[in-house]
Every structure is written in C-alpha cells, then in structure tokens.
Amino acid sequence: MTTRTPLMAGNWKMNLDWKQSLSLVEELGEALREVDTTVVEAAVLPPFVNIRTVQTAVEAGDLPISYGAQDISAHESGAYTGEISGSMLTALGCTYVAVGHSERREYHCEGEVETNAKVKAALSVGLSPILCVGEPLEERKAGKQVEYSLAQLEGGIEGLSAEDVAKVVVAYEPVWAIGTGEVATPDDAQEVCAAIRDLVRTKHGDATADALRVLYGGSVKSSNVAELMTKEDVDGALVGGASLKAEEFAKIVGYQDSNA
C-alpha cells in the first residue's frame, strides 16, 4: 500500500493584506522549525493578491511551506475579466488550488460542470486540485451525507484518467461544520472519507485509491486534529480560521509530535 504523506492545508479565505500575510507566513515558518516536516506537509492558500508575498517569503527563508490558490479559471487565457489562469498560478510557484469549495458553490453558483472544468484546468498545468465536497445540514439529518458527497466527487473527477485522479486531493468538508465551531466526529469523518476512497477504488483501481489523499475540513483545530488523524482514511485537514494563527496552525501540522 502507498504511504500517504499527511497534508495540512490552511485556507485563508478573504483575509489579510500583504503585510499581514508576510508576517503570518514568516511566523509560521519559524514555528514549523519545531515540527518534523519530513512526515507531514504544510500548505497555505492565500488570496490571489498575496500569493507573490508568500512566494517571496517561502523562497527567501527556505520555509517548509507549500502554497497555492483558492480558485482557478477554467480557461487558460482570453477575455475573461477578473479570472486567474492556472499558468499564472504556476508562474508564482503554486502547488495546490482549491476547487469546488462550498462557498464557491453557494455564492458563485458553481456546480459540477464548472468544478470539473476547473479540476481539469488545474491538472493541465501541473497543479494539484483540492476538490472540496460535503453535505449541508439537511442532507446530514436525512442520512444522505455519503450519497451527497459522492455525487459531488463523481462530478468533480468526471472524465479523468486514473493517473490524474491520483493527483487530486479530496477534502471532505461538511457545510454545517465550516466556521461554525461544530465538528464532525472522527467516526463521521471516517465514514465519508472511506466512502470517497472506496468509490475511487471501484472506478480507478487499488493503486489510485491508495495514493489518493483525503482531507477533513470543518472547524479543525489543534485540540481535535490528533483524534481525527487516527482514522485510517483521513490523510490531513483543510483548515480555515485556525490557519490564520501561526502558532495554532503549527500545532495542527505538528499533531504527531503532540500525540507522541
């Protein structure tokens, strides 16, 4: 079985100006010197306008931090006002890009067609898409969390080869747990994360499923991450508010040290 390196990715959302971003990434880099980053990967997803600032800090300080963007255009170039292409992101050294986040789906009316196009756009330029899936509260109450999340997953990876699916990171983020202080139990997270891997195994085989990293997102913090990470199919976390605090996010990244 493939050994999957845990990924802790911080989604900064629409927060911080460039000076605050610089301070945060430098503080995070310093805090991560106490963490064994050979066994876990730390990444941040700043707003577009702060990616260059993060790139400069990471390169200048040789910081153990990957970075990426919170969205990507489905188009490579052209008359698409306000859009940012994948090649623009790779030119800034980005590794990851979030796709299909529930806030994009809700506030920008992005469905499976748009999400799938963005996943393909990311892969075409060598970016790893972090494909977000997850159910709203009414689907959870109806017991349809697996069905709902897998439908989003299937839409997001439609038309991809097994090789490309293995490059995708899937983040299970139940909508009712994002920024609410509510968090799925480790068993809740495992149920859907395991179903995600099982679907990929069925469609694309053992090697792809075993390579796929599946994250949990939704009010993750240092006090609950270690327990979440005990689950077999949880390979990391997509972290929101807690990633805006360097010391707290470093503790999340270093969950293995605190759990030793």
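Residue numbering: from 1, along the chain as shown.
Every residue gets a Cβ built from N, Cα and C, even glycine.
The structure displayed is predicted, hence computed values, not measured ones.
TrEMBL lists Asn11, Trp12, Lys13, Ser219, Gly240, Gly241 as substrate-binding residues, and of the candidates Gly61, Gly68, Gly179 the one it assigns to that same site is Gly179.
Proximity to Glu173 (active site, proton acceptor), judged by a C-alpha distance within 10 Å, picks out His101 from the recorded positions Asn11, Trp12, His101, Gly240, Gly241. Other than the site residues Asn11, Trp12, Lys13, Gly179, Ser219, Gly240, Gly241, same-chain residues with C-beta atoms no more than 8 angstroms from the centre of those residues' C-beta atoms, the substrate site, are Ile178, Val239, Ala242, Ser243, Leu244.
Each of the recorded positions Lys13, His101 was scored by how many other Cβ atoms lie within 10 Å of its Cβ, and the smallest score goes to Lys13. Calculated from their C-alpha atoms, the gap between Asn11 (substrate binding site) and His101 (active site, electrophile) amounts to 10 Å.
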